[in-house]
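Structure record follows, encoded as structure tokens.
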Amino acid sequence: MASLVAYDDSDSEAETEPAGSFNPAGQKKDASDAVRPPGRDFASEVLDAKDGGALPTKHGSCEDAASCRLPLARLWSSDSGSCPNQRLQWPRTEPEVTLPTSQPARPSLWTSHAPAGHVPLAAARLKQGKLSWGTSGSPEPSFCARTGSETPGKNGSSLQRQWCEDCVVPYTPKRLRQLQALSTETGKSKGMEPQGPCAGRAPAPLCVAPQVSKFIQPYLDSQYKETEIPRKVLFHLRGHRGPVNSVQWCPVSSKSYMLLSTSMDKTFKVWNAVDSGSCLQTYSLHSEAVRAARWSPCGRHILSGGFDSALHLTDLETGTQLFSGQSDFRITTLKFHPSDHNVFVCGGFSSEMKAWDVRTSKVVRSYKATVQQTLDILFLREGSEFLSSTDASSRDSADRTIIAWDFRSSAKISNQIFHERYTCPSLTLHPREPVFLAQTNGNYLALFSAVWPYRMSRRRRYEGHEVEGYSVGCECSPDGDLLLTGSADGRVLVYSFRTASRARTLHGHTQACVGTTFHPVLPSVLATCSWEGDVKIWH
């Protein structure tokens, strides 16, 4: 961008202008009514105007001159020859001139004599408290400020020209300006980091209480009793800024007070959902939405995958990354192998699923089918076989909705399992009987045998809820007597597994309830999550 060259006409007749002068664009400004908005200085306004926004102004009376900075024409109109004409600009050696906004402006900043390391660069260069900046060849107005105690000398015009040239600040990239503006809003200095975790940064260790929760302790030494249907909300957990995709209790009984939630806001959280309902830690390891995350069977690690195609295995005690991998597709589901906990299978927006080994950080097996997307994965028979539900959008796709795979050989065992033309967004295994259930977009739950040839039951079907394209989850209670599912209208439905009758309906969410899970130890506690971004604990 070429700079405009102006000539000093300080001795001409048009040196002084009235307070209501014309700016370079030809618009008249009443400088006497300009008041600096609270909490912002003119530097931040210039940066906002440069990025495409309008320069905000506010009109009113200004009683305290020390707390208000007036435009150029008002401050210099009283002394002829003390400042160059407002319509003229001195030659610039840099294409753009900006002021770092690493610290909030204070009224005493312009008369401060602190070193340059403690105040913005332009303020440090102006030892007498004067400042002038602007962009050459742009319609944005330039401002020049000075203190009321200064008096220009005989060679005031030349001194002002030298000061204006000394005020040239190197160009600051837009990304750096945004980071500096963020630190200004949070009231922090330039050298300090902004609050909150950053994507790709190792989170802090999770503070876990050494003792077992007092509510869970009485149930650890006895077998799981009959599941009781909850009636009221115990905790309403708010903290996610986007839809919550899934929730899962920690699989270790002594640590089962912790709840894992994944969200489209690029984070996953760990909550104390039994004792206090507080958030223990937030993990921002992904640059895009976190679609799937699972507890490791040992309860010390969390495996997460997102739409950024990244995979992370996080150690909760140290906050370090035990494994990081990059897939070639966006992740929508992942599951640990039930017997070999160092291996997991992931699927997503691809016709291929992959098995990873966290010890070598490599893909050990691949499973490929003529499908568009893998929706869910379910292991059978101690991990020797597993099922995948897919989204195959073709004319003859009913035979590929649910596929059974041999884990070791990567061969298809059967694809003639579900013949109705509905996709199945989620699968769940019954804890005591060799059957599994599939959530379908036909607004019902289908029951299948978990052994070959995986026949579907025609006598038992669980209906009454709505799916409507959402990835609505389903789950059985630990004793296997109840079946739990969400609904696209926000309801939570509880069915009797034996009779397929509806036991209870909970009206808990205003938007789609996509995740439901029973507590593994407490017989009357369940967690639900919704598309509106909240998590509820029922008791």
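Heads up, the Cβ atoms here are built off N, Cα and C, so glycines get one too.
Caution: TrEMBL annotation is automatic and unverified by curators.
Since this is a predicted model, take the numbers as computed values, not measurements.
Summarising the annotation, TrEMBL assigns region 'Disordered' to 1-61 (among others).
Positions annotated as compositional bias 'Basic and acidic residues' by TrEMBL: 27-51.
Residues or ranges marked as region 'Disordered' by TrEMBL: 131-157 (among others).
Among the features that TrEMBL reports, compositional bias 'Polar residues' is placed at 148-157.
What TrEMBL lists as repeat 'WD' is 237-272 (among others). Within the chain carrying the repeat 'WD' (237-272), a Cβ under 8 angstroms from the stretch's Cβ atoms is held by residues 197, 199, 206, 208, 212-213, 215-216, 220, 278-284, 286-295, 297-299, 302, 304, 306, 316, 471, 473, 514-517, 519-522, 527-537, all 6 or more beyond its ends.
Sequence annotations record features per position, and here TrEMBL assigns repeat 'WD' to 283-324 (among others). Outside the repeat 'WD' (283-324) by six or more residues, the chain places 196-206, 208, 242, 245-246, 248-252, 255, 260, 262-270, 330-336, 338, 341, 344, 346, 348, 356, 358, 361 with a CB less than 8 A from a CB of the stretch.
What TrEMBL records for 477-505 (among others) is repeat 'WD'. Mean model confidence for the repeat 'WD' (477-505) is a pLDDT of 95.
Summarising the annotation, TrEMBL assigns repeat 'WD' to 506-539 (among others).
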Contact set, same chain, for the repeat 'WD' (477-505): CB under 8 Å, 6 or more residues outside the stretch
224-227, 229, 430-433, 437, 439, 445, 460-462, 464-470, 511-518, 520, 526, 528, 530, 538
